[in-house]
Amino acid sequence: MDIASVIVDVPAKQTDREFDYRIPEKWKQVIMPGMRVIVPFGPRMVQGFVTGLKGNSDFSKLRYIKEPMDLEPILNDELLQLANWLTKEAMCFKISALQAMLPAAMKAKYEKVINVIEDKKDRLPPIIQTLFGRGHSLSWKEVIEGEHASLIQKELQHGNLELVYNVKNRLNKKTVRVIQALLSSDELKEMASSLSAQAKKQQELLQYFMEHHEPIPLKELLEVTNTSSSTVKSLVSKGALTELDQEIYRDPYENRVFEQSNPFTLTDEQAAALAPIQEKIHHDEHDVFLLYGVTGSGKTEVYLQAIASVIEKGEEAIMMVPEISLTPQTVKRFKERFGEQVAVMHSGLSVGEKYDEWRKIHRKEVKVVVGARSAVFAPFENLGLVIIDEEHEASYKQEETPRYHARDVAIERAKSYKCPVILGSATPTLESFARAKKDVYKLLTLSRRMNENPLPAVDIVDMREELRTGNRSMFSELLFSKLKDRLEKGQQTVLMLNKRGHSSFVMCRSCGLVINCPNCDISLTYHRFNDIMKCHYCGFEEGMPSVCPECESEHIRFFGTGTQKVEEELTKILPEARVIRMDVDTTSKKGSHERLLNAFGEGKADILLGTQMIAKGLDFPNITLVGVLSADTMLHLPDFRSSEKTFQLLTQVSGRAGRHQLPGEVVIQTYTPEHYSIELSALQDYDAFYEREMDLRRKSHYPPYYYVVLITVSHEDLMKTVSVTEKITNYLSSRLNRDSIVLGPVASPISRINNRYRYQCLIKYKREPDLNRHLRTLLEHYQKETAQNHLQISIDLNPQIMM
Ligand SMILES: Nc1ncnc2c1ncn2[C@@H]1O[C@H](COP(=O)(O)OP(=O)(O)OP(=O)(O)O)[C@@H](O)[C@H]1O
Ligand SMILES: [Zn+2]
Ligand SMILES: [Zn+2]
């Protein structure tokens with residue numbers, strides 16, 4: 001077995017297969033499947049993944065693996081298999097699938113260096129020879145920034161120097177300097193007596209180590225013994241002590257104390273939901289459960305107890321939570337129950353912290369991972385349960401390659417481990433609920449809130465009516481009076497501004513001009529903070545003009561309501577209210593999210609004002625009012641899921657009120673009160689919404705009745721974009737079943753991004769066993785053009801965002 005199959009880090013069609021490499025003698029016992037290696041590929045060195053070992057190869061001239069990058073496999077067999085599945089499922093390159101499973105820190109970084117070719121060193125001009133000195137290579141950066149770049153270029157052409165790409169290992173393990181005694185207590189005592197009496201500090205240090213044998217971090221040592229590092233150094237040079245770098249984990253939660261929490265006695269409903277899950281856990285059987293429980297019904301406690309059973313069995317659990325509800329409050333609930341056995345993975349962590357959390361899992365130091373989408377790849381080997389909370393959240397779908405849905409990956413992994421999956425939500429996706437109705441998933445229901453209170457009462461306010469009666473403020477009479485009432489009672493309010501699709505744009509009131517991005521077909525967003533206009537797609541930014549660029553009118557201003565504007569208005573109408581604002585601006589600093597929530601939880605504010613990010617996960621007893629300032633902004637997006645998303649969001653945010661003793665109320669302000677998703681979310685009637693929306697989906701051939709594939713073509717040239725999309729549309733129409741629907745070519749809802757035109761083709765189908773093959777053929781056909789990046793074709797199977 002001295003040949004390794006390797007997937008190389010060159011994401012292209014031609015290289016999307018295993019390459020054979022010979023294993024050098026000294027690595028023969030070391031290199032195993034699932035390890036990263038450095039291999040020569042063409043003229044350079046690249047990172048690769050060993051996927052298997054074999055005795056012989058069909059190729060005779062094999063190159064050698066340069067060296068391993070790991071000393072133990074970082075991907076187990078199951079994950080290697082999963083990569084194959086993902087490659088097919090997401091139609092991506094194998095290397096992309098493998099990389100998606102690992103923390104960013106493990107992705108290779110390449111550096112360019114110039115090497116001397118040993119036997120040609122003498123031929124180099126003296127000045128270059130001195131440049132290299134006794135060394136062998138120079139970094140590309142040194143060369144470019146130095147004065148002799150052109151000389152070096154000549155020598156490269158002559159073949160006296162070579163340009164090499166090296167793989168750089170980015171892994172930086174964090175270490176701390178520790179001090180430990182090298183001598184026994186008796187020997188230390190002896191040394192102390194031989195030192196002069198003046199060396200008082202040294203005496204003290206020796207004294208310390210006579211009593212302590214464990215290594216101690218240098219910093220701590222200096223503190224407890226009140227000595228200086230030079231004293232330590234002198235004892236090190238005398239051979240009494242030694243300095244070591246000890247590896248430590250970056251623990252984002254290290255300064256936090258978690259009190260141990262105990263399992264609650266379950267309610268009857270909770271117990272009835274948990275029982276069938278535990279049965280699967282105990283019998284090592286796979287199944288998918290849909291835990292459909294109204295907000296505040298105690299789903300999390302069911303998760304916690306299911307996880308406890310898994311740990312008891314000696315197995316591991318993955319707990320997935322959407323990024324925005326991965327709040328400290330959520331993490332706390334798991335850390336309080338399972339303490340040190342929990343690792344946390346989310347985007348708020350630094351690259352190093354993520355890597356450390358990943359290693360805790362890999363080294364089997366933890367039993368549970370709580371994390372966002374990518375946690376689904378946690379390298380456990382005895383997986384006993386996967387939970388996806390808020391399963392309806394769109395963020396479980398990755399919107400870049402590989403375009404996978406965490407739900408599908410979870411189910412795939414759970415099948416290989418023969419363990420259950422729990423999908424939980426108060427507002428399941430239509431797809432999941434339909435599956436549960438057909439008994440493909442097992443439905444578990446929690447219909448009552450923990451506190452036995454009814455769900456909060458909801459009032460819908462028609463904002464057109466408010467305008468007619470002369471109220472031009474962004475607060476209706478009703479919401480305003482309730483806000484005042486809560487302020488007097490000392491209770492708390494959550495105010496949500498539904499911002500998506502409706503950020504502040506700049507418009508001229510005289511001629512109606514809206515300022516658009518010069519590169520993209522979309523309006524610029526005004527940022528009050530630094531008075532600039534910014535494009536959210538390409539990053540273009542520009543100062544706010546003082547006059548209209550079209551008609552030179554001075555009446556140019558921004559429209560739309562940002563959270564800042566709401567905050568200003570609040571201070572005007574309720575000057576005594578203490579407001580905490582949570583949006584991208586106030587939460588961009590690390591830890592600020594948590595600080596703001598803690599402050600609110602401690603009662604340091606009366607009103608929590610924010611965007612979607614406050615709709616989830618909040619569980620504070622003193623919240624008795626929830627206000628939604630603009631319920632309908634998402635309804636008008638060109639997306640067949642816009643009603644579903646509106647319903648989900650309104651239900652979620654309403655669920656923040658009255659979760660404990662005090663009853664809750666909700667006020668929803670809207671310009672389209674008659675829309676069924678608003679009406680039914682006010683009644684908190686998921687079942688009615690489900691029926692109504694399913695009916696529409698059936699009539700319009702959308703999921704869950706049909707599957708959808710979105711193909712987006714983009715190119716700098718409009719004609720080219722249209723013609724490629726047209727060819728694709730024709731190709732597919734002629735090959736797919738008669739009852740499949742191929743729509744297009746049409747301009748995408750955002751028809752230009754970063755100067756590239758965008759057109760799309762939408763496929764709706766019920767059964768197309770050969771679809772993947774057709775799509776692959778298409779991609780191969782355009783391979784040359786897409787490789788040069790002039791043409792981009794993205795294929796999204798089961799798209800979550802239709803823009
Ligand atoms: N069996 C129980 N006995 C007492 N209290 C419980 C029990 N189960 C849950 N709780 C408490 O009830 C409250 C609501 O439960 P939880 O947050 O788990 O609901 P949820 O369904 O996950 O909510 P949401 O989906 O709205 O976030 C929490 O404060 C929780 O600690
Ligand atoms: Zn104008
Ligand atoms: Zn732009």
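Glycine is treated like the rest: Cβ placed from N, Cα and C.
Annotated in TrEMBL:
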- CYS508, CYS511, CYS548, CYS551: Zn(2+) 1 binding site (BINDING)
- CYS517, CYS520, CYS535, CYS538: Zn(2+) 2 binding site (BINDING)
- 280-446: domain 'Helicase ATP-binding' (DOMAIN)
- 543-697: domain 'Helicase C-terminal' (DOMAIN)
Binding-site residues whose CB lies under 6 angstroms from ligand 2, from CYS508, CYS520, CYS535, CYS538: CYS508
Proximal residue to CYS535 (Zn(2+) 2 binding site) among binding-site residues CYS508, CYS511, CYS551 (C-alpha distance): CYS508
Which same-chain residues, if any, lie at least 6 apart from CYS538 (Zn(2+) 2 binding site) yet have Cβ under 8 Å of it: CYS517, ASN519, CYS520, ILE753, ASN754
Residues flanking the Zn(2+) 2 site, with Cβ no more than 8 Å from the Cβ centroid of CYS517, CYS520, CYS535, CYS538 and excluding those residues themselves: PRO518, ASN519, ILE522, LEU524, HIS536, TYR537, GLY539, PHE540, ILE753, ASN754
Binding-site residues near ligand 3 among CYS511, CYS517, CYS535, CYS538, CYS548, CYS551 (Cβ under 6 Å): CYS517, CYS535, CYS538
Position of peak Cβ density within 10 Å, selected from the binding-site residues CYS511, CYS517: CYS517
Mean of pLDDT values spanning the domain 'Helicase C-terminal' (543-697): 87
Distant-in-sequence Cβ neighbours of CYS551 (Zn(2+) 1 binding site), under 8 Å, six or more positions away: CYS508, SER510, CYS511, LEU513
CYS535 (Zn(2+) 2 binding site): tally of other CB atoms within 10 A of its CB: 20
Around the Cβ of CYS548 (Zn(2+) 1 binding site), the count of other Cβ atoms that are within 10 Å: 20
Near-site residues: Zn(2+) 1, ref CYS508, CYS511, CYS548, CYS551, CB cutoff 8 A to centroid: ARG509, SER510, GLY512, LEU513, PRO549, GLU550, GLU552, SER553, HIS555, ILE556
